[in-house]
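Chemist: This is the structure, below, for whatever I ask next.
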């Protein structure tokens with residue numbers, strides 16, 4: 001019987017460097033929400049890619065950041081660091097410049113023996129690739145990376161090169177997931193994340209991270225899925241911002257989310273949304289656990 005190869009690769013980096021976009025590009029479909037806002041990803045999400053006799057389970061993580069003032073930030077840091085345990089490869093994503101937060105993330109890797117690939121993302125914004133040479137020289141002096149790959153997660157340029165390099169580190173093992181499975185997350189989780197993505201994209205900087213989404217109904221019928229969700233905010237003033245004048249903004253969120261859900265689930269979706277206030281949820285450990293955040 002022909003051997004198979006299977007293992008885990010964690011995708012890490014500071015917030016807003018394109019980790020989720022990279023995961024979606026590697027998988028060839030969207031499973032992790034994206035926006036221009038830092039810290040869009042709050043949970044550890046597994047993306048499964050099976051190619052012939054190789055299966056890679058990519059671990060998308062929240063952005064690692066030095067600021068731990070808020071309880072929610074500490075939760076996300078613990079989630080990201082936890083993803084580094086027992087993986088076979090680490091993909092460290094940066095932008096085409098080195099920042100102090102990148103150095104802070106790198107410090108978290110120096111005690112880990114797992115091979116680290118450095119990805120320089122967003123090179124589609126660079127006119128002359130020669131501009132990257134000083135950065136490559138600098139980062140090469142900081143750490144013995146397995147490979148340094150400039151790429152564009154947005155366009156897919158050179159993503160295949162990274163994927164082939166990751167494949168070479170996967171140990172011989174049975175597949176952990178059926179070949180057709182693409183994520184470990186439930187349909188309910190995907191529905192709530194789609195809603196949160198549409199909120200973050202429409203709200204601009206008005207309510208950066210003071211919202212969460214929970215489902216109160218998810219019912220699959222023969223031809224339709226019925227979903228009811230609550231959008232939680234921290235202050236009464238934020239409730240009005242989310243709803244918008246005459247309910248216009250909430251209606252747009254619902255329409256955009258429903259269209260994405262119908263693509264994901266392959267059937268019609270009936271979606272109802274409510275907005276409620278839960279004061280201080282982002283700094284309350286009990287409330288964070290209730291809203292699905294992991295230790």
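Don't overthink the numbers, they just go from 1 along the chain as shown.
Each Cβ is built from the backbone N, Cα and C atoms, and glycine gets one as well.
These figures come from a predicted structure and were not determined experimentally.
In case it's useful when we look at the structure, here is the feature table from Swiss-Prot:
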| type | residues | note |
| --- | --- | --- |
| BINDING | 13-20, 60-64, 121-124 | GTP binding site |
| DOMAIN | 5-172 | domain 'Era-type G' |
| DOMAIN | 203-279 | domain 'KH type-2' |
| REGION | 13-20 | region 'G1' |
| REGION | 39-43 | region 'G2' |
| REGION | 60-63 | region 'G3' |
| REGION | 121-124 | region 'G4' |
Chemist: Rank the binding-site residues 16, 61 by the number of other Cβ atoms within 10 Å of each Cβ and report the first-ranked residue.
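Modeler: The most densely surrounded of these binding-site residues is 61.
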Chemist: Cβ atoms within 10 Å, counted per site: which of 13, 19, 123 has the most, among these binding-site residues?
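Modeler: Counting every other Cβ within 10 Å of each candidate, the maximum falls on 19.
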